[in-house]
Structures are given as C-alpha cells and as structure tokens.
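The compositional bias 'Low complexity' annotation in TrEMBL covers 227-237. Among the features that TrEMBL reports, domain 'G-protein coupled receptors family 1 profile' is placed at 24-282. Under the heading region 'Disordered', TrEMBL lists 217-237. Positions annotated as transmembrane segment by TrEMBL: 6-33, 45-67, 87-108, 129-149, 177-200, 254-276.
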C-alpha cells in the first residue's frame, strides 16, 4: 500500500504526463490530417502513425493505472468486466510495440533520405511507407498475442496477472532483445551516421574553392555594376547557398527533434527493462 502523500505526488505526475501526451499527440494528428500538403509527405505519414499509437497507448495505460494509483495498490479497473483483462493488456502491448517499431521506421527513413538521397524517392515512396505501416501494426499484433493468451484476473479478483510464469520469462526476454536492445543499437548507429553526414555537408557548403571565390582586380568593376552578368551570377550563387544552408539547418533540427524523442522514450523504458534483468539475475 502506497502512502497518501506518494499517491498524490505520483498521481499528479501521472495525470500531467497523460494530459500533455494526449493533447500533444492530438495536435499532431489534427495538424497532419487537416493539411493536404502535410499528408503527402511520407515522413508525416510515419509521424501520424506514431502519434496515433502513442495516444492510444496513453489512453489504455491510464485506464488500467488510474485505479491502482487512486487506491494505492494493484487493482483491476472496477468499471470493466474481468474477461477484458487480457484484451486490455493485449492492446497496451500492441500500441507500445507499434510506437517502438514506428520510431525505428522513422529513423530508417531519415537515414535513407539523408545518407542515400538518390535512392530515397524509390525506396521511401508513399506506397512503400504505407506497406511498412501496415507491416508494423501486423507485427505488433502478432508479438502481443501471448499477452492475450496468458493474462487473467488473479483468484482474488484484484489484479490482472500472467498465469504462466515460464511463458512470461521467455516473452520478456524476447521483448527485451527485439523491442529494446536491437532498436537501441539501431538508433545509435543510424543517427550517428545521419549526424556525421549532415555536419559533413555543412562543412562542405562553406568550403568553396579559392579559384571560384577570389576575384581578380579586372573582375571587380564588372561586379560593381548591378546589371552585369557577373553580378547576377554572384546573386544567384548567394541565393543558392542560402537555400542549401536553410535546407541543412531544417534537416538538422528534424534530426535533433527525433533524437530527443527517442532519448525520452529510452529514458522512460529503461527502468522497466532494468527491473526485468535484475529479477532474472538475482
């Protein structure tokens, strides 16, 4: 039993995170669905899928945890029948796994678009991304099947538990390897490569050969004339340089945002995995 003070503190934090998460994901969904141009972007399709999965995960998780936090001990949802215990657990896992796999797909899409831009239009086409999204949901639904098979209400009717300890052991190890460790390594490798390429392009942008930037004395009078061909060429080059710089800055900001989202996810998900490993070790 948790003390009233800790229930108040934990309940306040839980409520704040749930409300902010639901509102934030709802804004993303409305923004993308309400703008036809945004819906055409394959990146936005992935972000839309991620927002939907995260919002549904927050909704189902808060549904089960609210009675536990309010009463201070593990408690089943009083307004739901007992037979929905495995169903709720199943959808919690489906939405969580979909979120993880979608983040991985976003990382792969950014990697292809930035490191291999020539192949991006072919590999990351709208059709391929829609197929990937369907595959993500199908994979998440299949991986979560053990949760609907092995979760039931405890004999005293208070909490939803896994009634097969051996299956839970192997399920947790599979989840740890495929949905935590491997994605973590993939994120680390892919985002490192992306950052290296982006910052290398940033340096190359300003490394203009001396033969093209140095002006001889006889060229200076022509550049002083606004209507001269040399002046127009110089203005065009400056505009092109500015456009490329802005594109690189935008890409870097997108990557920073994605890295921040992934970092927050792993900071929140790591304690659960650490508890699992400690139980197996000790």
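Don't overthink the numbers, they just go from 1 along the chain as shown.
Even glycines carry a Cβ here, placed using N, Cα and C.
Worth saying up front: this structure is predicted, and the values here are computed from it rather than measured.
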CB contact flag for the transmembrane segment (45-67) and the transmembrane segment (129-149), at least three pairs under 8 A:
yes
I need to check the long-range neighbours of the transmembrane segment (254-276): which residues 6 or more away from its ends have a CB within less than 8 Å of a CB in the stretch?
99-100, 103, 106-107, 110, 114, 172, 176, 180, 184, 187, 191, 194-195, 198
Select the range from 6-33, 87-108, 177-200 that forms the most Cβ-Cβ pairs under 8 Å with the transmembrane segment (129-149).
87-108
